[in-house]
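A.B. asks: Mind having a look at this structure? Questions to follow.
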């Protein structure tokens, strides 16, 4: 019995050094991004309301919370919860992505509804094109990931082949979302400040700080995701499935490895 426990502990392994600090730093940065976004909208854009001109301000706040902060947390789930049951981690991953989707959808409805009420044109800027692309890719990624990995779930062989693409597109969509947020921030400053932007107006300075925080947050998250030694170790059931799949496809016996 004790040998079995030792075996399980060796598979789980301790948390790698530095991971906890980097994850905590990423959360501090992410929450700061959300707080500074709210401060910018409150101090210089009049705050947030649905039934007024302030409806537009719902858009940047919801997008930052959804497609930046919550999406990043969904990506980091597999680094933070390293030794928990895989299905539990998958469900949390999917729920965080679901919350991010709801926030992003509210943000999109807010900006389109605001444009409709004011007679403004839609989807003419690079920011809007990148934003729509990021949202569509996000929805497709979530739906495909849900069908492959949660319910009803694809076969082990299909999941194995699709997983690298799922990981690649997850990180890519996150970076596209951050880039789109930076484009939108610059667009909002130019629309309101115009030539005053170059005179170091307080709003411009605060928004520039927000942009640096967004970039820093993206870099820290990307660093955590790309550290090979920080990846979630395979659990016992995953190793067994992998061995069975290898045996079926290559004709190997489990004992030959």
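Here the Cβ of each residue, glycine as well, is placed from N, Cα and C on the backbone.
These figures come from a predicted structure and were not determined experimentally.
As annotated in TrEMBL:
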- 25-226: domain 'Cytochrome b561' (DOMAIN)
- 21-44: transmembrane segment (TRANSMEM)
- 56-79: transmembrane segment (TRANSMEM)
- 91-112: transmembrane segment (TRANSMEM)
- 132-153: transmembrane segment (TRANSMEM)
- 165-185: transmembrane segment (TRANSMEM)
- 205-225: transmembrane segment (TRANSMEM)
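I'd like to know what surrounds each of these features in this structure.
C.D. replies: Summed and averaged per residue, pLDDT over the domain 'Cytochrome b561' (25-226) gives 95.
Counting same-chain residues at least six beyond the ends of the transmembrane segment (21-44), those with a Cβ under 8 angstroms from any Cβ of the stretch are 57, 60-61, 64-65, 68-69, 72-73, 76, 79-80, 202-203, 206-207, 209-210, 213-214, 216-217, 220-221, 223-224.
Residues 50, 55-56, 58-63, 65-67, 70-71, 73-74, 77-78, 81, 122, 135, 138-139, 142, 145-146, 150 of the same chain sit 6 or more residues outside the transmembrane segment (91-112) yet have a Cβ under 8 Å from a Cβ within it.
Long-range contacts of the transmembrane segment (132-153) within the same chain: residues 67, 71, 90-91, 94, 97-98, 100-101, 104, 108, 123, 159, 162, 166, 169-170, 173, 176-177, 180, each at least 6 residues beyond the stretch ends and with a Cβ under 8 Å from a Cβ of the stretch.
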A.B. asks: Six or more residues beyond either end and a Cβ under 8 Å away: which residues meet both conditions relative to the transmembrane segment (205-225)?
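C.D. replies: Same-chain contacts beyond the flanks: 19, 22-23, 25-26, 29-30, 32-33, 36-37, 39-40, 43-44, 64, 68, 72, 75-76, 79, 171, 174-175, 178, 181-182, 185-186, 188-189.
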